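Novice: Below you'll find the structure I mean.
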Amino acid sequence: MTINVALKPSDLDTAERVEIDTATSPDEALEAVTGQDAVDIRFASFKDGRGFSLAAVLRARGYAGQLRAVGDLLPDQIDHLTRSGFDAVTPDKADDPRWQRTGFSHAYQPDAAGAAPAYRQRTFAARKAKVDALNQRYRDASPDEILAAAQAEFRGRIAMLSSFGTESAAGLALLARSAPDTPVLFLDTKRHFAQTLSYRDALIETLGLKQVKILEPDPADESKLDADNRLYQRDSLACCDIRKVKPLARGLNGYDVLITGRKRYHGGDRTRLDPFEFDGERIKVNPFASLSEQAFAALFRSLDLPAHPLVAQGYPSVGCWPCTAPAEGNSTRDGRWAGSDRTECGIFDSARTTRARQASYRLI
């Protein structure tokens, strides 16, 4: 199967980029790219194989942003670039007619022809088709019905992500009464309020949750990037990356489907959520997506659940203590990253999801 898709220059140029060369060590490269959406690896010579290894190492260690190869490269290296994890290439000699014969236009090259295994193409196509069918059937269904459908379709391959925050108990309660053996993933960022940890433990006991898996940051990342415990002040995106994004990426190995607690009324990128979502790799289940804030509050009360201890202190939403404050705004997520334009920690980053989804659609 031959797939030739041109990546427009604007798709690359709108992102801020950091450039590293092939002589950069893997540890130095990982430090340089943490928190970056787009990275260029510069090849001084087409004979230098270190750039391929460097890209493969970055992908293996969880870097999910865009990788572009730049410099002295040959059209014959397209397949190797793609297998190593590159999304694009801008060669020094873009006017070489051999680039035109690769089947791609301009100097930007996304995927090499035939580089994606057939099983991967079939998997992505099947997941997208499944999501479309489930949304058609369950778009107006209740949270219980959506969860039941997800369990019926994906049992054994599904987990729930929970922050044990101010709204989390409702989803956990519904899961506990229908499929209490479903794994629940909790990101222990080492920056949680003590009240969150005690609330987590109380809910585990009260609801009878059987498989709560604690995902922690890599100690090597902490010591290298946050030795003084002040990374959240210097670069909050990088802090979220090592404490949330990368641990979750590791923890999701073995799961094809993730249940979330996101809702449209949270605003931002969440306003268009469907009950089922294909993010370019996995399926996400959003059982509360369509509920209004009032309807969700009524459901929470009907389940007779304890409130998070910090709700009484004016916290509508609770994350890590350095980046969460009491708030009196209209949004449930007011108080998160106060004083900045951030609305997401990175695990549901819309730009990354869009890139992953577009890349997978090229293979379908």
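From the backbone N, Cα and C atoms, a Cβ is placed for every residue, glycine too.
Pulled from TrEMBL, these are the listed features:
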type	residues	note
ACT_SITE	CYS345	active site, nucleophile
BINDING	CYS239, CYS240, CYS320, CYS323	[4Fe-4S] cluster binding site
DOMAIN	158-326	domain 'Phosphoadenosine phosphosulphate reductase'
Novice: List nothing but the one residue from CYS239, CYS240, CYS323 whose Cβ has the fewest other Cβ atoms within 10 Å; the candidates are the binding-site residues.
Specialist: CYS323
Novice: Taking the Cβ of CYS320 ([4Fe-4S] cluster binding site) as reference, which residues of that chain separated by at least 6 in sequence fall under 8 Å from it?
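Specialist: Listed in sequence order: THR189, ARG191, HIS192, TYR232, ARG243.
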Novice: Note the mean pLDDT of the domain 'Phosphoadenosine phosphosulphate reductase' (158-326), expressed as a whole number.
Specialist: 93
